[in-house]
Ligand SMILES: NC(=O)CC[C@H](N)C(=O)O
C-alpha cells in the first residue's frame, strides 16, 4: 500500500501530509510533482493544502488543469481512493470530482483555528474508525472554505449521506449546512477543509486526524 501526495506550485502542506502518512501511519509515501502524468505506483492519492498558483482566480481553479489531474480523474473513476485536504478539496470541486464549490469565507477573513467537528457519516472508507457523531478536534486554516451547492445538489448529497464532517458550534466560514467535508456518490473521493494531518501526532496537540488516515489504510488493505 503506497500513497502519493501531489505537489502543485504553492502547495504548503505536502510535507506535513507525508509525515502523517509515512511516520504516523507507517506507509510508503512519495511526493508527486504536478507535472507528472502517471500514478502507476500509488494506490492512494492525496491532494494537500496550500496556495496552489497563489490562489489566483479562485483557489484550485488553475491547479485543476495541471497534467497530473488527468491521471487523478482516471484513478477516481476506477474507484481508487482520492483525498483532498483544504486546497486539495478546492481542487477536487474545481475538477468536478466532488460536487459543489468552496467560496470566500463569510467573514471575508482567512481563519486559522482549532475547531470541533462532528462525524456525520462513519460508514465510509475514510471515516469507519470514528464513532457516529463523534466529536473531533482538527485545525482549520483557509480563506475560501465556505461550502456552497445549489439546492438540488445539496439535497442530493444530504440524502445520500455524503456529508462526512460538519462544524459543531460556531460555523467558521458560513458553509451551507455546516458542511466541513464530503465524499462523492461512490464514496472513493473525499474532501474536507480542516487539516487532519495537523492533528496526527500528540506533539501537535491531538491525534483525531490520524484516525481518518488509519480508516483509509485499513479499508484499502481489505
Ligand atoms: N490551508 C489551505 O489549504 C488553504 C487553502 C486556500 N489557499 C484558502 O485560503 O482557502
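For all residues, glycine too, the Cβ spot is worked out from N, Cα and C.
Annotated in TrEMBL:
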ACT_SITE  86  active site, nucleophile
ACT_SITE  195  active site
ACT_SITE  197  active site
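The 10 Å shell around the Cβ of residue 197 (active site) contains 29 further Cβ atoms across the protein chains shown. In this structure, residue 195 (active site) belongs to neither helix nor strand by DSSP; it is coil. Counting only same-chain residues six or more apart in sequence, the Cβ atoms lying under 8 angstroms from the Cβ of residue 195 (active site) belong to 13, 16, 49, 85, 86, 138, 139, 140, 141, 209.
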